[in-house]
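For 1-22, the entry in TrEMBL reads signal peptide. Summarising the annotation, TrEMBL assigns transmembrane segment to 124-147, 159-181, 193-211, 223-242, 248-271, 278-296, 308-326.
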Amino acid sequence: MDPMRLFSFLLVISWSVNIIDASLGDADPNYRRCISQCQETGCIGPKCFPPCTFSSDGELVGRPWYTQEPLYLQWKKWDCQSDCRYHCMLDREKEKELLNIGPVKYHGKWPFKRIYGMQEPASVAFSALNLAMHFHGWVSFFILLYYKLPLKDGKKAYYEYAGLWHFYALLSLNSWFWSAVFHSRDVDLTEKLDYSSAVVLLGYSLILSILRSFNVRDEATRVMVSAPLIAFVVTHAMYLNFYKLDYGWNMIICVAMAVTQLTIWAVWAGFSHHPSRWKLWLVVIAGGLAMLLEIYDFPPYEGLLDAHALWHATTIPLTYIWWSFIRDDAKFRTTKFLNKAK
Ligand SMILES: [Zn+2]
(Lines of atoms letter the chains of each structure in order from A and count residues from 1; the text may use other names and numbers.)
(Lines give C-alpha, C1' and ligand atoms only; values in the text may rest on other atoms or scores of the structure.)
Protein backbone atom coordinates (compact mmCIF):
# COMPACT_ATOMS: atom_id res chain seq x y z
CA MET A 1 0.00 0.00 0.00
CA ASP A 2 1.53 3.35 -0.94
CA PRO A 3 1.80 6.08 1.73
CA MET A 4 -1.04 8.22 0.30
CA ARG A 5 -3.48 5.31 0.24
CA LEU A 6 -2.42 4.20 3.70
CA PHE A 7 -3.01 7.73 4.97
CA SER A 8 -6.52 7.97 3.49
CA PHE A 9 -7.26 4.48 4.85
CA LEU A 10 -6.25 5.62 8.34
CA LEU A 11 -8.30 8.80 7.95
CA VAL A 12 -11.43 6.78 7.13
CA ILE A 13 -10.83 4.63 10.18
CA SER A 14 -10.37 7.56 12.56
CA TRP A 15 -13.47 9.17 11.06
CA SER A 16 -15.58 6.06 11.63
CA VAL A 17 -14.23 5.79 15.17
CA ASN A 18 -15.30 9.38 15.85
CA ILE A 19 -18.81 8.47 14.78
CA ILE A 20 -18.77 5.49 17.13
CA ASP A 21 -17.74 7.76 20.02
CA ALA A 22 -20.77 10.05 19.68
CA SER A 23 -23.48 7.42 20.14
CA LEU A 24 -26.99 8.16 18.98
CA GLY A 25 -28.62 5.94 21.60
CA ASP A 26 -27.47 7.77 24.71
CA ALA A 27 -28.40 11.17 23.21
CA ASP A 28 -32.06 10.05 22.95
CA PRO A 29 -34.16 12.08 25.48
CA ASN A 30 -36.39 9.08 26.28
CA TYR A 31 -33.35 7.00 27.16
CA ARG A 32 -31.91 9.80 29.32
CA ARG A 33 -35.17 10.21 31.19
CA CYS A 34 -35.26 6.47 31.85
CA ILE A 35 -31.65 6.53 33.16
CA SER A 36 -32.09 9.43 35.58
CA GLN A 37 -35.32 7.93 36.92
CA CYS A 38 -33.71 4.51 37.30
CA GLN A 39 -30.63 5.88 39.09
CA GLU A 40 -32.79 7.79 41.56
CA THR A 41 -35.54 5.27 42.30
CA GLY A 42 -33.84 2.05 41.24
CA CYS A 43 -36.88 1.05 39.18
CA ILE A 44 -37.86 0.91 35.53
CA GLY A 45 -41.54 0.02 35.42
CA PRO A 46 -41.98 -3.20 37.40
CA LYS A 47 -38.23 -4.07 37.38
CA CYS A 48 -36.25 -2.80 40.38
CA PHE A 49 -32.53 -2.79 41.34
CA PRO A 50 -30.61 -1.00 44.12
CA PRO A 51 -30.65 2.75 43.28
CA CYS A 52 -27.45 4.70 42.64
CA THR A 53 -27.77 7.13 45.57
CA PHE A 54 -25.47 5.87 48.32
CA SER A 55 -23.99 8.93 50.05
CA SER A 56 -27.44 10.30 51.04
CA ASP A 57 -27.05 8.75 54.52
CA GLY A 58 -24.44 11.46 55.30
CA GLU A 59 -22.03 8.87 56.60
CA LEU A 60 -19.34 9.70 54.06
CA VAL A 61 -19.51 13.49 54.27
CA GLY A 62 -16.68 15.20 56.17
CA ARG A 63 -14.15 12.38 55.76
CA PRO A 64 -10.81 12.93 53.98
CA TRP A 65 -11.08 12.64 50.20
CA TYR A 66 -9.31 9.30 50.01
CA THR A 67 -11.86 7.56 52.22
CA GLN A 68 -14.90 9.20 50.66
CA GLU A 69 -15.25 6.80 47.79
CA PRO A 70 -14.24 3.29 48.85
CA LEU A 71 -13.75 0.76 46.10
CA TYR A 72 -16.82 -1.28 46.97
CA LEU A 73 -19.00 1.84 46.63
CA GLN A 74 -17.46 2.60 43.26
CA TRP A 75 -18.21 -0.95 42.28
CA LYS A 76 -21.82 -0.63 43.47
CA LYS A 77 -22.16 2.58 41.52
CA TRP A 78 -20.83 0.82 38.43
CA ASP A 79 -23.28 -1.99 39.09
CA CYS A 80 -26.38 0.15 39.38
CA GLN A 81 -25.31 2.41 36.54
CA SER A 82 -24.70 -0.50 34.23
CA ASP A 83 -28.00 -2.20 35.24
CA CYS A 84 -29.90 1.03 34.55
CA ARG A 85 -28.16 1.57 31.22
CA TYR A 86 -28.76 -2.01 30.18
CA HIS A 87 -32.46 -2.18 30.99
CA CYS A 88 -33.23 1.32 29.69
CA MET A 89 -31.46 0.37 26.47
CA LEU A 90 -33.43 -2.88 26.12
CA ASP A 91 -36.72 -1.06 26.74
CA ARG A 92 -35.86 1.67 24.27
CA GLU A 93 -34.80 -0.82 21.62
CA LYS A 94 -38.03 -2.82 22.12
CA GLU A 95 -40.09 0.33 21.61
CA LYS A 96 -38.16 1.17 18.47
CA GLU A 97 -38.49 -2.33 17.11
CA LEU A 98 -42.29 -1.99 17.19
CA LEU A 99 -41.89 1.16 15.07
CA ASN A 100 -39.53 -0.73 12.73
CA ILE A 101 -36.52 1.45 13.57
CA GLY A 102 -33.13 -0.26 13.48
CA PRO A 103 -30.71 -0.47 16.46
CA VAL A 104 -28.31 2.37 17.37
CA LYS A 105 -25.25 2.46 19.61
CA TYR A 106 -25.31 3.36 23.31
CA HIS A 107 -22.14 4.73 24.91
CA GLY A 108 -20.11 3.55 21.94
CA LYS A 109 -21.55 0.03 21.91
CA TRP A 110 -24.30 -1.81 20.08
CA PRO A 111 -27.26 -3.07 22.14
CA PHE A 112 -26.06 -6.54 23.18
CA LYS A 113 -28.03 -9.12 25.13
CA ARG A 114 -26.30 -10.22 28.30
CA ILE A 115 -25.75 -13.91 28.99
CA TYR A 116 -24.78 -14.88 32.56
CA GLY A 117 -23.94 -11.23 33.19
CA MET A 118 -21.50 -11.09 30.27
CA GLN A 119 -21.93 -7.94 28.25
CA GLU A 120 -20.77 -9.30 24.89
CA PRO A 121 -20.99 -13.10 25.20
CA ALA A 122 -19.94 -13.87 21.61
CA SER A 123 -16.76 -11.77 21.91
CA VAL A 124 -16.00 -13.39 25.28
CA ALA A 125 -16.37 -16.88 23.80
CA PHE A 126 -14.20 -16.10 20.79
CA SER A 127 -11.55 -14.40 22.94
CA ALA A 128 -11.43 -17.54 25.10
CA LEU A 129 -11.08 -19.71 21.97
CA ASN A 130 -8.25 -17.49 20.70
CA LEU A 131 -6.57 -17.93 24.06
CA ALA A 132 -6.99 -21.70 23.85
CA MET A 133 -5.66 -21.73 20.29
CA HIS A 134 -2.53 -19.80 21.31
CA PHE A 135 -2.01 -22.15 24.21
CA HIS A 136 -2.34 -25.17 21.92
CA GLY A 137 0.03 -23.59 19.39
CA TRP A 138 2.59 -22.77 22.04
CA VAL A 139 2.50 -26.24 23.62
CA SER A 140 2.92 -27.96 20.24
CA PHE A 141 5.80 -25.58 19.40
CA PHE A 142 7.39 -26.43 22.75
CA ILE A 143 7.03 -30.19 22.17
CA LEU A 144 8.49 -29.88 18.67
CA LEU A 145 11.49 -27.86 19.86
CA TYR A 146 12.46 -29.83 22.94
CA TYR A 147 11.18 -33.36 22.25
CA LYS A 148 11.20 -33.88 18.48
CA LEU A 149 14.01 -31.78 17.00
CA PRO A 150 17.67 -32.40 17.89
CA LEU A 151 19.10 -30.22 20.69
CA LYS A 152 22.41 -28.40 21.01
CA ASP A 153 24.44 -30.15 23.78
CA GLY A 154 21.27 -32.08 24.51
CA LYS A 155 19.41 -29.13 26.06
CA LYS A 156 19.28 -26.02 23.90
CA ALA A 157 17.18 -25.63 20.73
CA TYR A 158 18.99 -24.87 17.47
CA TYR A 159 16.18 -22.55 16.39
CA GLU A 160 17.45 -19.00 17.00
CA TYR A 161 14.02 -17.43 17.41
CA ALA A 162 12.67 -19.84 20.05
CA GLY A 163 12.92 -17.37 22.93
CA LEU A 164 11.24 -14.62 20.94
CA TRP A 165 8.27 -16.90 20.11
CA HIS A 166 7.93 -18.06 23.73
CA PHE A 167 7.59 -14.44 24.79
CA TYR A 168 5.16 -13.84 21.94
CA ALA A 169 3.02 -16.71 23.26
CA LEU A 170 2.95 -15.18 26.76
CA LEU A 171 1.93 -11.76 25.45
CA SER A 172 -0.79 -13.34 23.27
CA LEU A 173 -2.23 -15.34 26.17
CA ASN A 174 -2.21 -12.19 28.31
CA SER A 175 -3.88 -10.11 25.62
CA TRP A 176 -6.70 -12.61 24.92
CA PHE A 177 -7.27 -13.09 28.64
CA TRP A 178 -7.89 -9.35 29.11
CA SER A 179 -9.95 -9.25 25.95
CA ALA A 180 -12.28 -11.89 27.42
CA VAL A 181 -12.45 -9.99 30.72
CA PHE A 182 -13.13 -6.66 29.02
CA HIS A 183 -15.91 -8.06 26.84
CA SER A 184 -17.57 -9.63 29.89
CA ARG A 185 -17.45 -6.41 31.89
CA ASP A 186 -16.58 -3.05 30.41
CA VAL A 187 -15.27 -0.73 33.13
CA ASP A 188 -12.43 1.77 33.04
CA LEU A 189 -9.86 -0.69 34.47
CA THR A 190 -10.71 -3.68 32.25
CA GLU A 191 -10.81 -1.42 29.21
CA LYS A 192 -7.34 -0.03 29.90
CA LEU A 193 -5.93 -3.50 30.55
CA ASP A 194 -7.38 -4.82 27.28
CA TYR A 195 -6.18 -1.85 25.22
CA SER A 196 -2.69 -1.81 26.76
CA SER A 197 -2.22 -5.56 26.32
CA ALA A 198 -3.28 -5.32 22.68
CA VAL A 199 -0.91 -2.40 22.03
CA VAL A 200 2.00 -4.23 23.67
CA LEU A 201 1.27 -7.43 21.70
CA LEU A 202 1.03 -5.54 18.40
CA GLY A 203 4.25 -3.64 19.07
CA TYR A 204 6.10 -6.81 20.03
CA SER A 205 4.78 -8.68 16.96
CA LEU A 206 6.07 -5.86 14.78
CA ILE A 207 9.53 -6.14 16.36
CA LEU A 208 9.42 -9.90 15.89
CA SER A 209 8.48 -9.57 12.21
CA ILE A 210 11.47 -7.26 11.65
CA LEU A 211 13.92 -9.50 13.55
CA ARG A 212 12.78 -12.67 11.78
CA SER A 213 12.49 -11.27 8.25
CA PHE A 214 15.86 -9.50 8.39
CA ASN A 215 17.37 -12.56 10.03
CA VAL A 216 18.68 -10.59 13.00
CA ARG A 217 20.41 -13.21 15.17
CA ASP A 218 22.98 -11.12 16.96
CA GLU A 219 21.87 -10.06 20.46
CA ALA A 220 23.28 -6.51 20.28
CA THR A 221 21.62 -5.78 16.91
CA ARG A 222 18.33 -7.17 18.23
CA VAL A 223 18.45 -4.73 21.15
CA MET A 224 19.35 -1.84 18.84
CA VAL A 225 16.47 -2.59 16.46
CA SER A 226 13.86 -3.09 19.18
CA ALA A 227 14.80 -0.24 21.54
CA PRO A 228 13.15 2.62 19.57
CA LEU A 229 10.01 0.53 18.98
CA ILE A 230 9.81 -0.50 22.64
CA ALA A 231 10.17 3.17 23.67
CA PHE A 232 7.40 4.12 21.26
CA VAL A 233 5.00 1.39 22.43
CA VAL A 234 5.64 2.15 26.12
CA THR A 235 5.04 5.87 25.55
CA HIS A 236 1.81 5.14 23.69
CA ALA A 237 0.58 2.75 26.39
CA MET A 238 1.36 5.35 29.08
CA TYR A 239 -0.45 8.02 27.09
CA LEU A 240 -3.57 5.80 26.94
CA ASN A 241 -3.45 4.86 30.62
CA PHE A 242 -2.42 8.08 32.33
CA TYR A 243 -3.31 10.88 29.96
CA LYS A 244 -6.16 10.13 27.61
CA LEU A 245 -7.77 6.98 26.22
CA ASP A 246 -8.13 8.40 22.73
CA TYR A 247 -9.89 5.70 20.67
CA GLY A 248 -9.33 7.33 17.28
CA TRP A 249 -5.63 7.90 17.85
CA ASN A 250 -5.15 4.43 19.33
CA MET A 251 -6.90 2.86 16.33
CA ILE A 252 -4.54 4.72 13.95
CA ILE A 253 -1.47 3.52 15.87
CA CYS A 254 -2.73 -0.07 16.06
CA VAL A 255 -3.75 -0.27 12.40
CA ALA A 256 -0.44 1.32 11.35
CA MET A 257 1.53 -1.25 13.40
CA ALA A 258 -0.61 -4.12 12.07
CA VAL A 259 -0.40 -3.02 8.42
CA THR A 260 3.40 -2.54 8.66
CA GLN A 261 3.79 -5.96 10.21
CA LEU A 262 1.59 -7.71 7.62
CA THR A 263 3.47 -5.92 4.80
CA ILE A 264 6.84 -7.02 6.20
CA TRP A 265 5.71 -10.67 6.40
CA ALA A 266 4.15 -10.59 2.92
CA VAL A 267 7.21 -9.03 1.26
CA TRP A 268 9.55 -11.37 3.11
CA ALA A 269 7.45 -14.38 2.08
CA GLY A 270 7.92 -13.28 -1.54
CA PHE A 271 11.69 -12.84 -1.31
CA SER A 272 12.75 -15.56 1.08
CA HIS A 273 11.47 -18.69 -0.75
CA HIS A 274 10.53 -20.00 2.68
CA PRO A 275 9.02 -23.51 2.25
CA SER A 276 5.90 -22.45 4.20
CA ARG A 277 5.46 -19.03 2.67
CA TRP A 278 1.91 -19.86 1.55
CA LYS A 279 0.92 -19.99 5.22
CA LEU A 280 2.28 -16.47 5.67
CA TRP A 281 0.38 -15.22 2.64
CA LEU A 282 -2.80 -16.88 3.84
CA VAL A 283 -2.52 -15.25 7.27
CA VAL A 284 -1.65 -11.85 5.76
CA ILE A 285 -4.51 -11.84 3.23
CA ALA A 286 -7.13 -13.28 5.58
CA GLY A 287 -5.88 -11.08 8.44
CA GLY A 288 -6.13 -7.98 6.22
CA LEU A 289 -9.66 -8.92 5.09
CA ALA A 290 -10.69 -9.64 8.68
CA MET A 291 -9.56 -6.14 9.64
CA LEU A 292 -12.31 -4.81 7.33
CA LEU A 293 -14.83 -6.24 9.82
CA GLU A 294 -13.46 -3.81 12.41
CA ILE A 295 -14.00 -0.96 9.96
CA TYR A 296 -17.40 -1.92 8.47
CA ASP A 297 -18.98 -2.28 11.83
CA PHE A 298 -22.55 -3.71 11.80
CA PRO A 299 -25.11 -4.20 14.64
CA PRO A 300 -25.33 -7.54 16.44
CA TYR A 301 -27.49 -10.23 14.87
CA GLU A 302 -30.07 -11.35 17.47
CA GLY A 303 -28.33 -9.02 19.92
CA LEU A 304 -25.31 -11.37 19.97
CA LEU A 305 -23.11 -11.59 16.88
CA ASP A 306 -21.64 -8.27 15.72
CA ALA A 307 -18.72 -7.34 13.45
CA HIS A 308 -16.23 -7.16 16.31
CA ALA A 309 -17.14 -10.64 17.59
CA LEU A 310 -16.85 -12.02 14.04
CA TRP A 311 -13.44 -10.40 13.77
CA HIS A 312 -12.38 -12.23 16.94
CA ALA A 313 -13.81 -15.43 15.41
CA THR A 314 -11.73 -15.13 12.23
CA THR A 315 -8.48 -14.92 14.16
CA ILE A 316 -9.10 -18.39 15.71
CA PRO A 317 -8.30 -20.44 12.55
CA LEU A 318 -5.62 -17.88 11.59
CA THR A 319 -3.90 -18.46 14.93
CA TYR A 320 -3.80 -22.18 14.16
CA ILE A 321 -2.16 -21.58 10.78
CA TRP A 322 0.18 -19.01 12.33
CA TRP A 323 1.54 -21.42 14.94
CA SER A 324 1.86 -24.09 12.28
CA PHE A 325 4.03 -21.62 10.31
CA ILE A 326 6.14 -21.00 13.42
CA ARG A 327 6.65 -24.77 13.85
CA ASP A 328 7.58 -25.09 10.16
CA ASP A 329 10.06 -22.25 10.57
CA ALA A 330 11.67 -23.99 13.55
CA LYS A 331 12.03 -27.22 11.54
CA PHE A 332 13.32 -25.33 8.49
CA ARG A 333 15.99 -23.37 10.41
CA THR A 334 17.10 -26.40 12.43
CA THR A 335 17.56 -28.59 9.32
CA LYS A 336 19.38 -25.78 7.54
CA PHE A 337 21.72 -25.32 10.50
CA LEU A 338 22.43 -29.04 10.84
CA ASN A 339 23.04 -29.43 7.07
CA LYS A 340 25.52 -26.56 7.16
CA ALA A 341 27.32 -28.07 10.14
CA LYS A 342 27.84 -31.38 8.32
ZN1 LIG B 1 -12.41 -7.21 21.28
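Cβ atoms are placed via backbone N, Cα and C, with glycine included.
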* Mark yes when the transmembrane segment (248-271) and the transmembrane segment (193-211) have three or more Cβ pairs under 8 Å (sequence separation 6 or more) and no when they do not. => yes
* To do: Please give the sequence-distant neighbours of the transmembrane segment (124-147): residues at least 6 beyond its ends with Cβ less than 8 Å from one of its Cβ atoms.
  => 118, 157, 159, 162, 165-166, 169, 172-173, 176-177, 179-180, 183-184, 309, 312-313, 315-316, 319-320, 322-324, 326-327, 330-331
